[in-house]
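Peer 1: Structure below; questions to follow.
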Amino acid sequence: MMNNLDDNFDAILITGPTASGKSALALRLAAEVGGVVINADSMQVYDTLRVVTARPSEEDMQAVPHHLYGHVVAGAAYSTGDWLRDVAVLLQDLQAQNRLPVIVGGTGLYFKALTGGLSDMPAIPEAVRVMLRQRERVEGAESLHRDLTLRDPTVAARLDPRDGQRIIRALEVLEVTGQSISVFQTRSGPMIIDPQRARKLVVLPDRKLLHDRINRRFAMMMDEGAVEEVEALLAQNLSLDMPAMKAIGVSQIAAMLKGEISREDVIEKSSAATRQYAKRQMTWFRNQMNETWERVDPAANRSG
């Protein structure tokens, strides 16, 4: 079933929940077709968190070229638009080299933007971002939601009053443009990859096997440098609002370093959080990825 994947396709796209074996599948397919692997995971872009975010090993990255892994400093914001621009540059280079991109990751929005275009959002000055994050810390998300309700009731009605991230995003656009974020959400930029010219795979493993992998993986991470990575991250004194600080395992290991919980608690809590995240991903993929996305069982295809 996996033979001749490069025939008549401009790219191979692989998504699926965390710990599903999609990275191993991407590595194998890229090696088979002489392609390169491109990251589509919003946490694996950060430099400090190689182990915690389960980036490919150095051995794998040497076996096949890998791009957009660990290229963003932990203290920087990195949006879907930033990722899309980086991918567009890469794809131009790969086309000139006649090499097939194998794009893999669990961030569904990246794939939606890649194949369907991204809403044409305005640039937000850092000062506005900082101001609104500070307001959320002091006043709370529900206070910001009340503000949004007064200024943009239609959008506010769609948002959970506790969803600080989306509330802040809507307020950022209002602050900078004076217009509702909904105005910009209806404007889509060009697609980067024609979905009809891509082989699209969703890795959907057996639930029990996935949970077993998750439970084993975090214990291994603790032995392979996860604690040291989190220590290095905490030493940067970053705002808790930064995406890198929200990676699963960071808050749990930080609590252990403070003496609040044990190593065993870290493994249990982080594994539970990862299982919940994988469940949300599985639901999203089943609902958002239509029949043109081929469902793949990693065990049946020996993808690891």
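Each position is counted from 1, following the chain as shown.
Quick reminder: no glycine exception, Cβ is built from N, Cα and C everywhere.
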Peer 1: Which is it, of 41-44, 145-148, 213-216, that Swiss-Prot names as region 'Interaction with substrate tRNA'?
Peer 2: 41-44
Peer 1: When Swiss-Prot marks a stretch as region 'Interaction with substrate tRNA', which of 5-9, 80-84, 165-169, 235-239 is it?
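Peer 2: Residues 165-169 are the ones Swiss-Prot records as region 'Interaction with substrate tRNA'.
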Peer 1: If we skip the immediate neighbours and take only residues 6+ beyond the ends of the region 'Interaction with substrate tRNA' (41-44), which ones have a Cβ under 8 Å from one of its Cβ atoms?
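Peer 2: Hits for the region 'Interaction with substrate tRNA' (41-44): 53-55, 69-70, 78, 80, 83, 104-107, 110, 243-244, 247.
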Peer 1: Between 0 and 100, where does the mean pLDDT of the region 'Interaction with substrate tRNA' (41-44) sit?
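Peer 2: PLDDT averaged over the stretch: 97.
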Peer 1: Take the mean position of the Cβ atoms of Thr18, Ala19, Ser20, Gly21, Lys22, Ser23, the recorded substrate site. Which other residues of that chain put their Cβ within 8 Å of it?
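Peer 2: After dropping the recorded site residues, what remains is Gly16, Pro17, Ala24, Gly106, Val203, Pro205, Arg213, Pro298.
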Peer 1: Please report the Cα separation of Ser20 (ATP binding site) and Arg129 (site 'Interaction with substrate tRNA') in Å, rounded to an integer.
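Peer 2: Roughly 35 Å, rounded to the nearest whole number.
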Peer 1: Which state, by DSSP, holds Ser23 (ATP binding site): helix, strand or coil?
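Peer 2: The three-state answer is helix.
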Peer 1: Cα-Cα separation of Ser23 (ATP binding site) and Thr107 (site 'Interaction with substrate tRNA'), in Å?
Peer 2: 13
Peer 1: Look up Thr18 (ATP binding site) in the DSSP assignment and reduce it to helix, strand or coil.
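Peer 2: The residue in question, Thr18 (ATP binding site), is coil (DSSP, three-state).
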